Amino acid sequence: MSKFIEPSVEEIKLEKVYQDMGLSDQEYEKVCDILGRQPNFTETGIFSVMWSEHCSYKHSKPFLKQFPTSGEHVLMGPGEGAGVVDIGDNQAVVFKVESHNHPSAIEPYQGAATGVGGIIRDIVSIGARPINLLNSLRFGELDNKQNQRLLKGVVKGIGGYGNCIGIPTTAGEIEFDERYDGNPLVNAMCVGVINHDMIQKGTAKGIGNSVIYVGLKTGRDGIHGATFASEELTEESESKRPSVQIGDPFVGKKLMEATLEAITFDELVGIQDMGAAGLTSSSSEMAAKGGSGLHLRLEQVPTREPGISPYEMMLSETQERMLLVVEKGTEQKFLDLFDKHELDSAVIGEVTDTNRFVLTYEDEVYADIPVEPLADEAPVYILEGEEKNYNTSKNDYTHIDVKDTFFKLLKHPTIASKHYLYDQYDQQVGANTIIKPGLQASVVRVEGTNKAIASTIDGEALYVYNNPYEGGKMVVAEAYRNLIAVGATPLAMTDCLNYGSPEKKEIYQQLADSTKGMAEACDILKTPVVSGNVSLYNETKGTSIFPTPIVGMVGLIENVDYLNDFQPQVGDKLYVIGDTKDDFGGSQLEKLIYGKVNHEFESIDLSSEVKKGESIKTAIRQGVLSHVQTVGKGGLLITLAKLSAHYGLGLKSLIDITNAQLFSETQGRYVVSVKSGKTLNIDNAIEIGLLTDSDNFKVTTPYTEISENVSDIKQIWEGAIAQCLTTQD
């Protein structure tokens, strides 16, 4: 008889306890069919987390199959802890993005901190040393005190973990809209570097080999965290605060260093982070990938307090833990290593030839499950979508007040400088950061070489909401352009798909169409998807977030020497590359004037993106250009203002466009500055002005003139977010 008081198999069925764990009636019946009997309490919990949306992708898996996952540089694609891409010289870059949305909505500091810790361990589990962190964040408008609290907590959590563990946060993006009220998006990305011969996989194989647990002792924090992340946020969500994990960056640092030492041992067979679904997912997934079985003796698991049941051990998401499989007879070598790093560790089981996942506690069986159905046979749901009716009429922008619109957009938190927030992150630790957070992708040198990794993280919501297919293409192209802007060759990408409930027809269609667009862009831009994450059910009180796909992309710079003088200077001429059209559907201008986005916009020309990108990259590397900036939210006038304010340079420009086109967001455009004495030879490049040593920012069109002090623009742009957060306290 069990020493733990739990519902019986009959009670689980009759009282539908499985529903509270996240299993539907049909899923419960499928579990019964797989087992040939009714599952006990621990088994029900194990299936519920492994078949949760967060772990199984049961609503998104058909769409993920569209993505190209192989390519010239890809060494390891989806299926492991992170993607791995070759960068030459027997080296590779390892990267991935993950969401921690629901936990951050309930406990913003810990939700964000553990999101950072988890993505770091994903990179380390491959054997790579992390070189930088990035993040993509979404919050509701800052006139709401709850959103202010969430923003402050998330930023402190990101900085608190990353700064303590010693990894620089070098790039990111933050946007604000009322559709994220109470449901922030916190997507964390990590990039690492590894030698080819050190690449690890999360696999359990070799009959009789031992399973080692290392890291923090298991507690009751984060139980059913994966299930919680697969539900809508409701008024009852606050009661699920225990589902939010607690991070310890100092233990995280010890675990990282110990793991990176352990991968040098030839006796290491496989390794995986204990992330979502904790010990359950790491162990069962390793067994599935190894084509083997596992027997775990749970009384050997290090626990924080007495009386923790097998159910709690298996579903706990206590942070800073790794699971290793090592060759039989070499266990002490690993235990001694972990002891040296002051980490708890224990041998908790062994690999078997049964293809079953068996859990015992003091010789009593608490679970006996076939591995493959548990890890790989979660139900997949193909639902019916519903196309959105597009508004093909045109809004009127002929009478806008250019100056008033300019300043309203400049100080909107989505467009305003994020330095007030990013300054809370350590951007330089490790001393390899070349380009810090600002107007472009970040660039981090590969230590001991003249190479560098450029990385960016970008998201799109308004355009995806307006037209999911075209918006999906746009978000991939935006990341591509940001890498081109620092002279990098884009290599591959990771994605995080943040959407509402897929059980709603319109949202399911958004997911279907946007991933189709993303896949098409990946094909044409040659940026395969090597890792990723899906976060659904992002809804609060029945209101869904905007569909928000996030793309993290990395690129290679073979020689960083050209970056030594890659900064705009007085006297540099300015050019815009790409046509400016009447593109206002989904723009910040449409949202500002009409309060919503509901109009079509032109499709993006991906072939043109490639041609322009190659030309610009060549011009950068040949030393022709001193700065490249993509034209993004707010349009050309805002882009020029940000350039001027960021570098403290005057600007004089003459542009032949209409007042409204100053704020058009036509895709595929760049603003470039050409070094004095150099000639730009790129198709469709139009000279629009030059940089000066004055404090004057002057833009003239046939219809208007903007003339403002650069110092005033800088003060408004850089001070907007701080003002929102301080005046509302």
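Cβ atoms are placed via backbone N, Cα and C, with glycine included.
When secondary structure is read from DSSP and collapsed to three states, His54 (active site) falls in the helix class. Taken from Swiss-Prot, the feature active site covers His54, and the record attributes it to sequence analysis.
Of all Cβ atoms in the protein chains displayed, 32 besides its own lie within 10 Å of the Cβ of His100 (active site, proton acceptor). The active site, proton acceptor annotation in Swiss-Prot covers His100, and the record cites sequence analysis as its basis.
Under the DSSP three-state reduction, Lys96 (ATP binding site) is assigned to strand. Counting every protein chain shown, 28 other Cβ atoms lie within 10 Å of the Cβ of Lys96 (ATP binding site). Feature annotation from Swiss-Prot assigns ATP binding site to Tyr57, Lys96, Asp495, Gly532.
As annotated by Swiss-Prot, Mg(2+) 1 binding site applies to Glu98, Asn533, with the evidence given as sequence analysis. Taken residue by residue with DSSP, Asn533 (Mg(2+) 1 binding site) is part of a strand.
The local packing around Ser99 (substrate binding site), expressed as other Cβ atoms within 10 Å of its Cβ over all shown chains, amounts to 25. The annotation substrate binding site is assigned in Swiss-Prot to Ser99, His100, Asn101, His102, Arg121, Gln245, Glu317, Thr318, Gln319, Ser535 on the grounds of sequence analysis.
Residue environment of Asp122 (Mg(2+) 2 binding site) contains 28 other Cβ atoms, counted within 10 Å of its Cβ in all protein chains. The Mg(2+) 2 binding site annotation in Swiss-Prot covers Asp122, Asp273.
Of the candidate recorded positions, His54, Ser99, Glu317, the one lying closest to Gly532 (ATP binding site) when CA atoms are compared is Ser99. Take the Cα of Gln319 (substrate binding site) and measure to each of the recorded positions His54, Tyr57, Lys96, His100, Asp273: the nearest one is Asp273. Residue pairs drawn from Tyr57, Lys96, Asp495, Gly532, the listed ATP binders, are separated by up to 17 Å at the Cα level. Sequence-distant neighbours of Asn533 (Mg(2+) 1 binding site): residues of the same chain at least 6 apart with a C-beta under 8 Å from its C-beta are Lys96, Val97, Glu98, Ser99, Asn187, Asp495, Cys496, Leu497.
Counting in whole angstrom, Glu317 (substrate binding site) lies 11 from Asp273 (Mg(2+) 2 binding site) by their C-alpha atoms.
Note on proximity: among His54, Tyr57, Arg121, Asp273, the recorded positions of the record, the Cα nearest His100 (active site, proton acceptor) is that of His54. Note: the ATP site is recorded as Tyr57, Lys96, Asp495, Gly532; in the same chain, Leu64, Pro78, Val97, Thr494, Cys496, Leu497, Val529, Ser531, Asn533, Val534 also have Cβ atoms within 8 Å of that site's Cβ centroid. Checked against Asn101 (substrate binding site), the recorded positions His54, Tyr57, Asp122, Asp273 differ in C-alpha distance, with His54 being the nearest.
Residue density at Gln319 (substrate binding site): 29 other Cβ atoms are found within 10 A of its Cβ, drawing on all protein chains shown.
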